[in-house]
Amino acid sequence: MIRPFLLMLCLMASVVSSVSLSANTPENIKALKSMMPEACNFSGEFTQTKQIKSLPVPLVSMGEFIYSCDLGLIWKTQKPIVESLVFTNQKLNFLVPEKLSVENLDGVQHDFLANLLLGLMAGNTEFITKEFDIQISKNDATGVELSLVPKNKMVKQAIDSVALAKPSAKNELQISITDKNQQVTRIVSSETQQYAMNDKLSKDAAFSESCASLSADGCKLLLNPVRITTSGQN
Amino acid sequence: MIVWRSLFVICIVFTLAFFFQSSGKLVVDTSLGDLSPDLELDQSTQDAMDGLTENISRNILFVVGADDKQQLDAAKADLSKRLSELKPLTVLSSDALSLTDIIDSLAKYRFHLLTVAAQKNIKQESAEELAKQAQAKLFRLTNAPLMSFEKDPLGVHSEYFNEFLQKISADLEQAQTHGSEASSSDDAGQNKKNKKQYAVIQTKLQKGGLGLDGQNQLLADINTISKDLKDKYKIEILRSGVFFFAVDAASKSKKDISFISTISMVGVLLVLLLTFRSVVPLILPFLSIAFGVAFAFAVSHFIYGKIHILTIVFGASLIGIVIDYSIHYFFHQSQALSNGPSSVAEDSVEHSQSRLHSALLLSLVTSLLGYLALYFSQLDALKKVAVFSCCGLTMAWLSVICLGQYSSKRIKANNTVVNTILDIFKRPLAVFSPRVVVITIVLLMLSLALNIFAVKTSDDPRFFFTPDPEILASEVAVSQIASDYEPGRFVVISGQSSEELIGLTESFYDKVKATPPLIADNFKSITQWLPTPQQQRENYQIQGKLYGDNQAVDALYSLLGVEKNKAEAIKTEYANSEKLILEPQQLNELFNEILPPLWYTKKQQVEQRLVEQGHKNSKAEAGDNFRNFILIAKGTDFEALEKLSNTMPFVNYVNTVESAKKSLADQRVSATQLLLVAYALIALLILSRYRKLSALNIVLVPLCATAALIVLLNVLGVSFNLFHVMALFLVLGLGMDYGIFAYELQDGNVTQQAIFISAITSLLSFGLLGLSAIPVAQSFGMILFIGNSFNLIASLIYAEFLANKAITH
């Protein structure tokens, strides 16, 4: 069964209206759960739109992703640039550029956004409620919308808020991240394929094929995450 | 006489003017800093240390301990909130740091700052490739820059500040992390429920102190908050800070002041009533006390801007000494008047009055010499006591001299009562025939000579105050949980300019890395937070590839399809920033209260201005002094560190306790030498005043008392410290007082009675001081009590000897 899984980052303030409830109440957590995917291993596509204040046009990019709840996520941008981000469950994150060598992705922001994506895809409400203050609001356009405000002060230095919405009509989940400079990144992502649960996921032919075809280096790192040493070898 | 009267009027006017102007708003200082000896450091290092000490002494740490993380977080948040409502306290934590403000403040220096990875990358890649990388970064999902696109189009500065802030936050919160780690590692094998977790809240007291009432109010508020939260969350709250010791010491001092002054006054009152059997003779002594204390208060406050509580404790003991002048005055006035109203007798009265004034003046001078010696110690507390006591004694003396003539002429001592008590006291002294006296003196001097080399000494500065065990236990517990660094040890690097000092600090780290038992990570310097000036200049040059004409920024704008001229602003800013090098001083100031002043610049104002004007600020003016304090982690091999510091002239490893010990030992030795000089000078003074060798016997009174005291303390196994030696100066002064009265007024019984009564009142005051809860005052009082008792015995024997000699003549 293919279930659409949409990730969209949108400008929270522009569409928020009416009631606003604060704190991580059971109602908020229930709303959060309703936005989480049910599948464990799946792949999909995304479109990202980043609005930078001083640039006349938004930066639009698109690509594909593959996720395994046992391993992590490969997030590959294909247009206009080609590079992959690998977020592993072992908390090791990598940047796989098209031509240059693989890099470790260190730093609070990278870790935080990696954990956020992994948390959302895994349906990890515990992580979300631990890291964010959740506010629920109702919106005519998107229905229920959740606003996640980071609790970590270092994260707060870079990210103002993350908004999640799942319009029932479109069967989409929308998430928006507004950074400290009021740059807004919106991503629309859709789940296109699910993979069967397997004890040895690495041997799951369909998943391995999709993973390797998306990013050979990224897939190796996902299956065997090892920190890159200074010489560039892993 | 006219001189004394004029002086007296001037002093009164000054005192009244002072109290009128201050409107009774006197500042009582309760800091413990006055009890810390100056270490043997150069002036700049000492100044730097004073600044650091002042800053650190305003720290109050709270450690919340709980079994449950959620409970801990809730309690910490609640405690922070409640503490922040207390006006005198500022709650500090990296949570409160506005990192955005910090980035804004540092933004102008960004063209000199780069991460190591960025340095390498910019050097290796072409401008076009750098632009492509920046473009990729802009599209990257995890890219959330700390600076706006206009200020940092290529993303290099955000990367630097990101790394910088993480490092600073980690360093500032090290204590907290350390506490958590300690708790979890300790309990690794235990049940999770038994794990205790800790959170640290750092607060800072307002500058300038609170005053006694303010301190007590703050302590009461803190106690109430702690109790409320302990009850509410079932948590443990530990606290640490000089504040708690200072409040405790102030409270003890306050009790001492009221105890000493009340008992002294009552004692003096009883002695005077018993001696004179009338209330009239109370007027002059109490006026002299009131004027003396008021004047001493006014002068001390005028000089220091406040009065230290320890000064008041010592000041309270002055009551027993200043009363002596009135006692001698009354005794000798009544003796002179008892001779009758004949013209011969009038001459006798005048003569007696003149001799009394002369004896009182000499007595004042010797007492002043005793107290003045305290001024030459390097302890501010003793210096202030010296100023207070000298002023108080002088004013009390002036009061007696100027107002004595207006007191009732009918004051007459009740010789029967005083005589009876004196006789009882003197009975055991009857064995001291001239021959026995000579033998005793010889024996005493021999014993002194033998004992002086066997005297035990103690120079531990921790003796200065005995902290409350509960406060001390909390302090130790907090230190174990929340501090990674040695509290009383650090490395000071000295340099003549900022750049030189940074270079020397680097050299120190290089040496540490090359010295196996030492670990560079165990040394925390503010210079680790920023690149060296040389590196900064190199960073600036490297960034030419980013912001030069037709370089990376132009290429990026082109890639993004934005007009090239939009890049002009940042290119111009880069071109104008060549001289803007970030100095440790600016960084230290930026973190203001959170970070103690670890970087010291003597001409801070000049430096600051130069930086702001964009000059090459590293070139300091000749004579400027720069110091960098490096914190040392616990568990460092201090022996290796000391050896290393000895090989580097610009490195000073400071162990405050050991340095204070050394400083106190040196002061004790020099004070002992000064005591010998004082004896020699006083002997010369006596010789020049009386021009008779036999007058030198006066000096034997304090000398014998001192010898007996040293021998006795040695037998009892008491270790000598600086305060004991300082007290010996007063034993000298008081002994000389009694000796001079005995010599000047060789009228037998009356002199002995006067000496006896005045010594009793002094002993009462010193005895009370000896019961003080403050070790310094207690030590001082005890030595003076024993020493002055010996003075009394010696002076009575001497007076008896002089009386017998007069009868024989």
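We number each residue from 1, going along the chain as drawn.
Just so you know, glycine gets a Cβ as well, placed from its N, Cα and C.
In TrEMBL, annotation is done automatically, which means it is predicted and not curated.
Noted in TrEMBL for the protein shown:
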COILED    B:117-144  coiled coil
DOMAIN    B:257-398  domain 'SSD'
TRANSMEM  B:257-276  transmembrane segment
TRANSMEM  B:283-303  transmembrane segment
TRANSMEM  B:309-331  transmembrane segment
TRANSMEM  B:359-379  transmembrane segment
TRANSMEM  B:385-404  transmembrane segment
TRANSMEM  B:436-455  transmembrane segment
TRANSMEM  B:669-688  transmembrane segment
TRANSMEM  B:695-716  transmembrane segment
TRANSMEM  B:722-743  transmembrane segment
TRANSMEM  B:755-774  transmembrane segment
TRANSMEM  B:780-803  transmembrane segment
Checklist outcome for this item: Lying 6 or more residues past either end of the transmembrane segment (B:436-455) yet within Cβ distance under 8 Å of it, the residues of that chain are 700, 704, 706-708, 710-711, 713-714, 720, 797, 801
Next on the checklist: Can you see whether the transmembrane segment (B:669-688) and the transmembrane segment (B:385-404) are touching - at least 3 CB pairs under 8 angstroms, only pairs 6 or more apart in sequence?
Outcome noted: no
Item to check | Top partner of the transmembrane segment (B:722-743) among B:257-276, B:309-331, B:755-774 - counted as Cβ pairs under 8 Å | outcome: B:755-774
Checklist outcome for this item: Counting only residues at least 6 beyond its ends, the same-chain positions whose CB falls under 8 A of a CB in the transmembrane segment (B:257-276) are 282, 285, 309, 312-313, 316-317, 319-320, 323, 327, 330, 411-414, 417-418, 757, 760-761, 764-765, 768-769, 771-772
Checklist entry - Using DSSP, what's the helix, strand and coil tally for the domain 'SSD' (B:257-398)? => result 124 helix, 2 strand, 16 coil
Next on the checklist: Can the transmembrane segment (B:283-303) be said to touch the transmembrane segment (B:385-404) if we require at least 3 CB pairs below 8 Å and skip pairs under 6 apart in sequence?
Outcome noted: yes
Checklist entry - With pairs closer than 6 in sequence left out, are the transmembrane segment (B:309-331) and the transmembrane segment (B:385-404) joined by 3 or more CB pairs under 8 Å? => result yes
Next on the checklist: So if I exclude everything within five residues of the ends of the transmembrane segment (B:309-331), which remaining residues of that chain have a CB under 8 angstroms from its CBs? That is, six or more out.
Outcome noted: 28-30, 34-35, 212, 249-250, 253-254, 256-257, 260-261, 264-265, 267-268, 272, 275-276, 281, 284-285, 288-289, 292-293, 296-297, 300, 356, 359-360, 363-364, 367, 381, 384-385, 388-389, 392-393, 396-397, 400-401, 404, 407, 411, 413, 734, 737, 741, 750-751, 753-754, 757-758, 761-766, 768-769, 772, 774, 776-777, 780-781
